[in-house]
Each structure stands twice: as structure tokens, then as C-alpha cells.
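S.K.: Got a structure for you, questions after.
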Amino acid sequence: MVQKERLGKKQELDKGGIIMTNYTIAVLGAGSWGTALAHLLANKGYQVNLWMRSNIQYNTMVETKENKKYLPGIQLSASLSYHLDIEKALSGAKIILVAVPTQQVRGLLKSCKQFINKDQVIVNVAKGLEQGTHYRISEVVKEELNDQPYAILSGPSHAEEVAKNMPTTVVVASKERGIAEFVQNTFMTDDFRVYTNPDVVGVELGGALKNVIAFGAGIVDGLGFGDNAKAALMTRGIREIARLGSSMGANVYTFAGLSGIGDLIVTCTSMHSRNRRAGILIGQGKSLNETLEEIGMVVEGITTTKVAYELSVKNNIDMPITEQINNVLYGDFNVKEAVINLMTRNKKQEIEEVIAEELIAW
Ligand SMILES: NC(=O)c1ccc[n+]([C@@H]2O[C@H](COP(=O)([O-])OP(=O)(O)OC[C@H]3O[C@@H](n4cnc5c(N)ncnc54)[C@H](O)[C@@H]3O)[C@@H](O)[C@H]2O)c1
Ligand SMILES: O=P(O)(O)OC[C@H](O)CO
């Protein structure tokens with residue numbers, strides 16, 4: 001347990017003026033984000049078990065207390081404990097933080113579900129949609145673990161900045177308010193501010209779909225276009241995210257928040273963003289294979305583009321930016337051709353859902 005004074009006066013207290021930090025949290029996946037969050041939680045005083053699948057990475061991390069490939073230059077919390085044995089990592093944990101790429105989540109859960117207890121809270125941080133099923137991660141978790149307590153933690157948060165305690169705000173969504181507040185209390189620090197939101201669908205979709213637009217923003221940069229084009233892409237991008245999201249049951253206001261415009265801004269403008277950097281390389285004429293090799297980390301927008309495009313067709317939602325990015329990635333379209341296709345579409349009203357009476361009055 002850590003005294004209130006050490007963590008700052010605004011912390012929520014669990015019990016009698018004392019912040020409970022003596023429980024165990026398992027972090028599955030030691031990429032950039034899993035490592036940064038494990039470091040944050042260990043620094044806050046929790047027992048953190050960081051599990052990874054690679055022996056080589058494990059040996060290096062135990063020896064150097066650094067994640068040289070995914071989070072170089074950060075001396076990790078001395079109390080972090082590293083694991084190759086997933087059963088041991090999960091044992092006694094109150095929270096299981098799932099921090100592997102979206103397409104790997106189902107396989108990971110299948111491989112360890114026999115070690116997961118019914119009361120352990122799954123906190124997902126992956127931002128994507130499953131290929132084939134079109135599922136959000138909560139749907140994958142539901143299919144694999146039935147009614148396991150679940151929350152999604154998302155929002156504008158690059159691992160490189162969180163690991164350096166730079167001010168960051170995120171949002172946690174769960175259908176159960178108590179779970180969202182438990183996760184909020186667990187992760188919140190003076191530098192890492194966590195909001196709650198009941199809209200699991202919106203928070204999951206906002207985090208996944210912004211990667212598609214960020215990839216497009218990178219293409220714009222790679223082509224050498226200016227700020228006008230980037231602003232247009234972001235503005236029209238959030239509209240199509242909101243259109244698809246509301247058709248799938250999300251609250252449209254969620255997309256005006258951290259897991260909407262907030263994450264879109266950071267990902268479209270930051271050089272930390274792998275999605276944006278991948279788009280820049282494609283815009284400069286590199287092939288997809290060359291791009292993925294150069295980035296060397298997960299680029300969620302590449303798989304999510306295909307799923308988002310398929311969802312837009314299935315739900316009959318107009319998503320012209322996503323469609324053109326899908327054409328570039330999977331239809332062999334040239335990036336310049338995609339831009340021409342976007343700019344020369346039929347004339348439109350800006351707010352197409354405007355109610356009929358307003359239109360008539362206008
Ligand atoms: N990096 C960030 O700043 C950040 C921030 C918020 C959310 N996210 C999201 O978090 C998720 C993970 O991203 P990341 O940045 O940590 O990716 P990363 O590419 O940095 O690392 C991915 C890690 O997952 C591991 N991995 C892959 N498949 C695995 C499997 N089957 N079992 C065990 N480990 C496996 C890899 O070895 C690697 O260590 C993504 O969905 C990403 O969008 C990342
Ligand atoms: O580096 P990216 O593009 O995967 O983005 C990381 C986070 O999602 C930013 O919030």
C-alpha cells in the first residue's frame with residue numbers, strides 16, 4: 001500500500017485513506033504499449049507480471065531492465081517481474097492487461113484460458129478489428145471467455161511519451177460502471193489521467209478506425225501535400241468513423257472525445273505513430289512489404305482498413321476515405337489515383353444527416 005501523499009492529493013482512495021496498490025496485474029505482451037503500461041503500474045506500486053513469448057527478449061530484459069527493441073532508452077521499474085510462463089504470470093492477478101496486436105488476441109486467449117479465473121478483469125488495449133469475423137475485441141473476449149469482466153482502455157497515448165511520464169489522458173469503457181471505475185483507479189496517476197465512458201462499442205471503434213485515417217494522413221504527408229489536405233482528411237475522417245460507429249450502436253458523442261477526435265489528432269500528427277509513418281512510406285512509393293519491414297512493429301490500420309471497408313459495405317455506410325485506402329492497400333490503386341477519386345466525387349452537403357425540415361427551410 002502506498003500513502004496518499006506520495007501519489008498526489010487527487011487520487012481516488014480504495015480504503016480508509018490508503019491507496020491499494022498491493023495487488024497483482026498480469027500484462028500479456030511486451031511490445032511498446034504493454035511495456036510502457038507495465039512500467040507505469042509497477043512504478044505506482046503494483047506487483048506487475050510482464051509476460052512475453054520470446055526467450056531472447058526475456059533474457060535481454062531480465063539482464064538490462066530495458067526493452068531495447070520496442071521501448072529503447074527507458075530504464076524500466078526495478079520492481080517489474082518478467083515471465084515466460086503464462087500460467088505463473090496470470091496466477092493471482094486481479095487484472096489481465098491484453099497488449100498484443102488485434103489479430104493475435106484470440107489465439108492468445110485460447111492458449112491461456114484454462115488459467116483465467118472468472119473474476120479476473122480483462123483490460124484490452126489493442127486497437128483494431130478482427131479480420132474475417134469483423135469483431136471488436138470485446139466480442140472476441142466474449143466468444144472465448146463468455147462473461148469475463150471486460151474493459152477497454154484507449155485514447156491518445158503513445159507509449160514513448162507515457163514511459164517518460166509525459167501528461168496523457170485516456171478513457172476506459174466497460175458495460176459495468178464498477179469495472180470502469182476500478183480500472184480508472186488502478187491506472188490513474190498524476191501524469192496519466194483516466195476518464196470513464198459506458199460506450200464500449202464507441203471506444204473500441206474510435207481506437208480502431210482512427211488508425212485507418214492516420215495511415216491516410218501519412219500518405220498525404222508522403223505525397224508532399226500540405227496542411228489543408230491533412231485537416232480535410234482528419235475532419236472528413238472523423239465523420240466517416242462516426243457514421244459507421246453510430247450504425248453499429250456507438251454513441252456519436254464518444255467520437256468527439258478521447259477515443260475519437262483525440263486519438264485521431266495524436267495519430268495523424270505524431271511521428272511516434274506507426275500508422276502515420278507507414279502511410280508516409282507508402283505515399284513515398286515504398287511497397288507494403290518494404291514498409292512493414294521498415295516499421296518493424298504492428299501497424300493496426302493495415303488490417304483494420306480491410307475490415308472497416310467490409311463493414312461499410314455490409315452496413316451500407318459511405319466511407320470514401322476508407323474505401324480509397326482499401327483500394328491502395330488491397331486493390332493495387334496508385335496513391336495519386338486515390339486522391340483524385342476522393343477529390344472528384346459528386347458534390348455533397350457537409351452535414352448529410354441534416355434533418356429534412358432544416359433542408360427545406362434552407
Ligand atoms: N504503442 C503504442 O503507443 C500504443 C498505444 C495505445 C495502443 N496501442 C495498441 O496496443 C496494441 C499492441 O501494440 P504495441 O504498440 O505494443 O505493438 P508492438 O508492435 O510494439 O508489440 C507487439 C508485441 O506483441 C507481441 N506479440 C505478438 N503476437 C503475440 C502473441 N501471439 N503472443 C504473445 N506476444 C505476441 C510481439 O512479440 C510484440 O512484443 C496494438 O493494438 C496497438 O494499436 C499501442
Ligand atoms: O503508433 P500507432 O499509430 O499504432 O498509434 C499508437 C496509439 O494508438 C496512439 O494513441
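Backbone N, Cα and C atoms are what each Cβ position is placed from, and that goes for glycine too.
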S.K.: Determine which of ALA159, ALA163 appears in TrEMBL for the same NAD(+) site as GLY29, ALA30, GLY31, SER32, TRP33, GLY34, ARG274.
M.R.: ALA159
S.K.: Out of LYS94, LYS127, LYS336, which is the one TrEMBL records at the NADPH site of SER32, TRP33, ARG53, TYR70, ALA159, ARG274, VAL298, GLU300?
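M.R.: Answer, per TrEMBL (NADPH site with SER32, TRP33, ARG53, TYR70, ALA159, ARG274, VAL298, GLU300), from LYS94, LYS127, LYS336: LYS127.
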S.K.: Can you find which of ASP147, ASP199, ASP263 TrEMBL lists as binding sn-glycerol 3-phosphate at the same site as LYS127, GLY155, SER157, LYS210, SER273, ARG274, ASN275?
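M.R.: So the sn-glycerol 3-phosphate site in TrEMBL includes LYS127, GLY155, SER157, LYS210, SER273, ARG274, ASN275 plus, from the candidates ASP147, ASP199, ASP263, ASP263.
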S.K.: Across all the protein chains here, work out how many other Cβ atoms are within 10 Å of the Cβ of ASP263 (sn-glycerol 3-phosphate binding site).
M.R.: 28
S.K.: Among ALA30, SER32, TRP33, ARG53, which binding-site residues lie by ligand 2, judged by Cβ under 6 Å to any atom?
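M.R.: Near ligand 2: none of them.
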S.K.: Can you tell me which of the recorded positions ARG53, LYS127, LYS210 is spatially closest to ALA30 (NAD(+) binding site)? Compare CA atoms only.
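M.R.: In terms of Cα distance, ALA30 (NAD(+) binding site) lies closest to ARG53.
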S.K.: Between the Cα atoms of GLY155 (sn-glycerol 3-phosphate binding site) and TRP33 (NAD(+) binding site), find the distance and write it as a whole number of Å.
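M.R.: On Cα coordinates alone, these residues lie 12 Å apart.
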